[in-house]
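Now, the feature entries from Swiss-Prot:
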{"type": "DOMAIN", "residues": "1-141", "note": "domain 'RNase H type-1'"}
{"type": "BINDING", "residues": "Asp9, Glu47, Asp69", "note": "Mg(2+) 1 binding site"}
{"type": "BINDING", "residues": "Asp9, Asp133", "note": "Mg(2+) 2 binding site"}
Amino acid sequence: MQEVIIYSDGACKGNPGRGGWGAVLVAGTNEKELFGGEANTTNNRMEMTAVIEALRALKRPCTVQVYTDSQYVQKGISEWLPGWKARGWKTADKKPVKNADLWQELDTLVQPHKITWHWVRGHNGHPGNERADALANRGVASLAS
């Protein structure tokens, strides 16, 4: 399987508010940058969208290293998701899972890949994360009239 590194980030001006997402995909010497924005969203939805769009860009099953500064994404996919699914997309408190639409999409997109999830401290000089952050901010800026 091809090895791919994904750096992802989301940004939001207001929460909720205008948001953007960005991702950098690295496969050997090839790199691809992705970004986009949404007019009325949250920081967590943008963090998730960054990973979703990056995984959508993969055309075949890959071994993937995902780097995110979102503990919500990292813990959600690594720790919370199995329980949510077992409880019919309810939290341990029996409340509906927030962003269930995106979690379900992410759950589908991860299936063909072998993914290792990494949390990195945001705005701490990590080059891949800094690039993803800049792309997420471009996504926000793309919405400015």
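Cβ coordinates are placed from backbone N, Cα and C, and glycine is handled just like the others.
The Cβ of Asp69 (Mg(2+) 1 binding site) has Asp9, Trp119, Val120, Arg121, Gly122, His123, Asn129, Asp133 as same-chain neighbours under 8 Å, each 6 or more residues away in sequence. Residues of the domain 'RNase H type-1' (1-141) grouped by DSSP class, helix first, strand second and coil last, total 56 helix, 51 strand, 34 coil. It is Asp133, among the binding-site residues Asp9, Glu47, Asp133, whose Cβ has the fewest other Cβ atoms within 10 Å in the structure shown.
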